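Taken from Swiss-Prot, the feature [2Fe-2S] cluster binding site covers CYS138, HIS140, CYS157, HIS160. Sequence annotations record features per position, and here Swiss-Prot assigns Fe cation binding site to HIS269, HIS274. According to Swiss-Prot, the domain 'Rieske' annotation covers 96-203. The feature transit peptide is assigned by Swiss-Prot to 1-47, with sequence analysis given as support.
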Amino acid sequence: MMTTLTATVPEFLPPSLKSTRGYFNSHSEFGVSISKFSRRRFHNPTRVFAVSDISKLVTEFDPKIPLERASTPPSSWYTDPQFYSFELDRVFYGGWQAVGYSDQIKESRDFFTGRLGDVDFVVCRDENGKIHAFHNVCSHHASILASGNGRKSCFVCLYHGWTYSLSGSLVKATRMSGIQNFSLSEMGLKPLRVAVWGPFVLLKVTAATSRKGEVETDELVASEWLGTSVGRLSQGGVDSPLSYICRREYTIDCNWKVFCDNYLDGGYHVPYAHKGLMSGLDLETYSTTIFEKVSIQECGGGSKVGEDGFDRLGSEALYAFVYPNFMINRYGPWMDTNLVLPLGPRKCKVVFDYFLDPSLKDDEAFIKRSLEESDRVQMEDVMLCESVQRGLESQAYDKGRYALVEKPMHHFHCLLHHNLKL
């Protein structure tokens, strides 16, 4: 029998999910009186939003209505370009985001780059072993500074040769002799807050507390990013030593939230859309636990073990969603993570990274077969998500309803509303 468990959740949620106060930032910097202003600039100073229009879209979903009587957010949340731009500022730039893995910066001078919304970043480990994160933008004329990943002793801009140390300081500015009121010390890279928890490297787009930035403590990250779910995730082996295997990327013609919704339907779609996966799971054991900004779905393994003994799912599976766009899947000897990156109101990229028990890291046949099965499931989800996006564009659809098993999805929408409300 399917069960739903409820752990600690924020005060603003409806009664069926209601619990503690004070977990979220107040975002007071976004405060605005709609009666006094028709427009207001938010986090990104280059972007202006019509407050009245955004406010109307946000209030079309009411988080105080319990799931049993609630409607889903309107289709405009998934299609409107203005809503999408506002969403980037309010949802993605205020909290921790998992953007990479500690193995990517294992040694001094290692670095990797990425993009979150319209923010390009670079993460590196300097010569003294300290981890830094910066906006990946040259201070001279805004060229993107680094690309890809690898190892460098410094960052040299390909445009005009300005050179930065791995600690972000500008150490060389070409052809600046004679320029007045210019100081190398004032033109370093703009820092970002960076943290490491288990195998994950996390960023906050909000400005670092000091010019050089600081690596946050494990305790702070656990509190802000994972809340009270950290114990259950550790128990499930999420932070255990695993070997990194590979990365797969899927570009999908759907809003980023469509992919998240699909993940958060409590296994509802599995019997209908994933016949192969279903045979390896015992859906009668499916359960859901809701935390502050995390929901965990768990399911026992089924009877699918090949005649050759092949079994990638094991005896139980744990699927954790970390708001707003990160999934951690722990099953058998495997862990894979899914980072959902918005590319526009109707497009996203999902980055899958695969980790494996070290005892199996050299078993090429097992790895190949496991990845093939995983890819089959992902392509089934791609088809579903793109189909949903087309339906959301239809004049025939505006809002839907929740099934009882879709509590994680409803929780996700309540969290979105909390970040988006004016």
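Note that Cβ sites are derived from N, Cα and C of the backbone, with glycine treated the same way.
Where Swiss-Prot records a feature, it is marked here on the structure.
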residue: CYS138; record: [2Fe-2S] cluster binding site; Cβ neighbours (10 Å): 24
residue: HIS140; record: [2Fe-2S] cluster binding site; Cβ neighbours (10 Å): 17
residue: CYS157; record: [2Fe-2S] cluster binding site; Cβ neighbours (10 Å): 22
residue: HIS160; record: [2Fe-2S] cluster binding site; Cβ neighbours (10 Å): 14
residue: HIS269; record: Fe cation binding site; Cβ neighbours (10 Å): 14
residue: HIS274; record: Fe cation binding site; Cβ neighbours (10 Å): 18
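Across the domain 'Rieske' (96-203), mean pLDDT in this model comes to 96. Mapped onto DSSP helix, strand and coil, the domain 'Rieske' (96-203) counts 7 helix, 47 strand, 54 coil. CYS138 ([2Fe-2S] cluster binding site) sits 46 Å from HIS274 (Fe cation binding site), taking the CA atoms of both as reference points. Residue pair HIS269 (Fe cation binding site) / HIS140 ([2Fe-2S] cluster binding site) shows a Cα separation of 51 Å.
Comparing HIS140 ([2Fe-2S] cluster binding site) with HIS274 (Fe cation binding site), their Cα atoms are 51 Å apart once rounded. Other residues of the same chain near the [2Fe-2S] cluster site, with their Cβ within 8 Å of the Cβ centroid of CYS138, HIS140, CYS157, HIS160, are SER139, HIS141, SER143, LEU145, TYR159, GLY161, TRP162.
Each residue contributes its Cα atom, and for CYS157 ([2Fe-2S] cluster binding site) and HIS274 (Fe cation binding site) those atoms are 47 Å apart. Mapped onto three states, the DSSP output places HIS269 (Fe cation binding site) in coil. Rounded to a whole number, the distance between the Cα atoms of HIS160 ([2Fe-2S] cluster binding site) and HIS274 (Fe cation binding site) is 52 Å.
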